[in-house]
Each structure stands twice: as C-alpha cells, then as structure tokens.
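A.B. asks: Have a look at this one.
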Amino acid sequence: MSAHIINGTEIAAAIREEIRSEVIALKAKAGIVPGLATVLVGDDPASHSYVDSKIKMCQNLGIYSEHHPLPQNATIEDLLTLIAKLNADPKISGILVQVPLPAQISESLVLNAINPDKDVDGFHPVNVGRMCLGEPCFLPCTPHGVQELLIRSGIKIEGTHVVIVGRSNLVGKPLANILLQKAPGANATVTICHSGTKNLPEITRQADILVAAMGKPKFITSDMVREGAVVIDVGTTCIGYTPEGKRILSGDVDFEEVKEKAFAITPVPKGVGPMTIIMLMLNTLTAAKRAAGLIK
C-alpha cells in the first residue's frame, strides 16, 4: 500500500489564507502593515527567482515589500550601510538578505548586522540562542516549515524518534533544536546523522520520522527506511532541464521506491518547498506584531 502523500502546496495555501486574514485585521484594527525588505547581491538566476517569489507572495498577502538589488562587486560596507538603514526604517518589519553572497562579503558579518527583531530568516545568533533555550524567537523558515507540515498532517511528534540526515546550519541543526524542545509539536528524541556517521542505514531504520536534508539526489533508498515511517524530504537538487527550459528537481529520497514502504512522505516538488516561503511571511507578520507591542 502506497504512502500518504503530504501535500505541502495545500498546507501552505491554508496557512497563506490565515496570514492574509491576519494582515487585513492588523491594518483595520491598528493601522499596521507588515513590511519585508529583500536584499540581493549579484545576478545569480536562482537567487533572482527566489527573491521574485517572495515579492509576489508579499503582494498576494497585502504585505508591503521593498527590493534592494546590489551589484556583484558590492562591498561589505555597501551592504552594512543598507542594513543599518533598513534596521532604522519603521516601515520594514523584516529583512532578508538572499544567500549565497559573493566571496568578498562575509555572511556572518551581514547576519550579525541585522536587528534580531527584524531577522525573519531566524539566523542571527540572538535568535539561534533563543531557539536553543526554547524562548520566543524567529524560527528558521525551512525547519519551521517541516514542523508545521508534520503538525498539520496530524502526525504525532511527541515521544517519537526523529532521525535527521544532514547537519547544516540552515536545516539539520535548527530542526533538531526545534523538535527536541519540551513543547507542543516537539518533545521528540532526535538523532542527527552526517557524512561521518557510521552504519547510517542501521540508524535511519530506527526512525519513526526520517528527515533527509543532505542535498544528495535519491540518497535515501527503501532499505534505509523502517516500514510505516514518516519520511520528510527537504532536498531540492536540479538534475536537468525540460525541453522548455524548466528545471527538473530531485529530492534526497528515492520517492517511487520509498513511498511503497513509508506511512507518509513528502514529494519534491510540492512538499517542503512551499512551506519555506510561507513561514517567512508568518515571521514577517509576527515581527510587525512584536514591533507594535501586540505580542511578546
């Protein structure tokens, strides 16, 4: 029997409507419009596409947006000056600097320069620390999206064994921190595996919930998955192009093989991907409400 397919597009659409309603209510009751500033350095086509999708989503939800493109040869001083301006702008609730950045710009310096209260990507050290302590903070968008996918699919997280394959600062580490918190929608036992892990299949087969986030197409095969497990595929790798020039994407899981063994599984595309951008919008809304003193 094939697995239940967790449709991230449908779940993200439901959250989108919730956010739209809140944005309308916030403007009507308090005269507040959330605002997102995006910053893009250089001409990377994929980065341009990601930023465009965020701008369009803002427009769709009634969130004010500004886009600040900088040339490929921009200096760290150029970027820090812009960030300081955005930090001080009351119209801007959240700031997103699209990565990767050119080699001459230190990503850590840029992240540290963003006001933690406007760090809607959730990667400022202050927000990372708050996340580890279980305090209110902006959660990184993709890991938060994974958690919401599980919760809204009715999948129990509490008391389960979650195995995450991948230890990146973007997904693996923050997701582990989110899911091990003593809180609703978390409280799991979490194991992180990586390139140095020995006997990887033995560990992944112990997972009630298996999360693949290493960026290796079809790395997770059916022999690595326990019968009846939930499999979340965070991987998104371009493996080619259609005759029309559209990207062909592959996840980290051999979907066709694993779906015959898992209880539930996310596809690629239309799985985790749509959740990332909607969590960014949710963080932007939250930032606006916090700035207005409506929530802590």
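Glycine is no exception: its Cβ is also placed from the backbone N, Cα and C atoms.
Swiss-Prot feature annotations, pasted as is:
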BINDING   G166, R167, S168, S195, T236  NADP(+) binding site
A.B. asks: Out of S168, S195, T236, give me whichever of these binding-site residues has the highest number of other Cβ atoms within 10 Å.
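C.D. replies: Result of the Cβ crowding comparison: T236.
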A.B. asks: Other than its own, how many Cβ atoms are within 10 Å of the Cβ belonging to R167 (NADP(+) binding site)?
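C.D. replies: The answer is 17.
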A.B. asks: Please list, in sequence order, the residues in the chain of G166 (NADP(+) binding site) that are at least six apart in sequence and whose C-beta is under 8 Å away from its C-beta.
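C.D. replies: G172, I192, C193, H194, V211, A212, A213, M214, G215, V234, D252 - these are the non-local Cβ neighbours of G166 (NADP(+) binding site), listed in sequence order.
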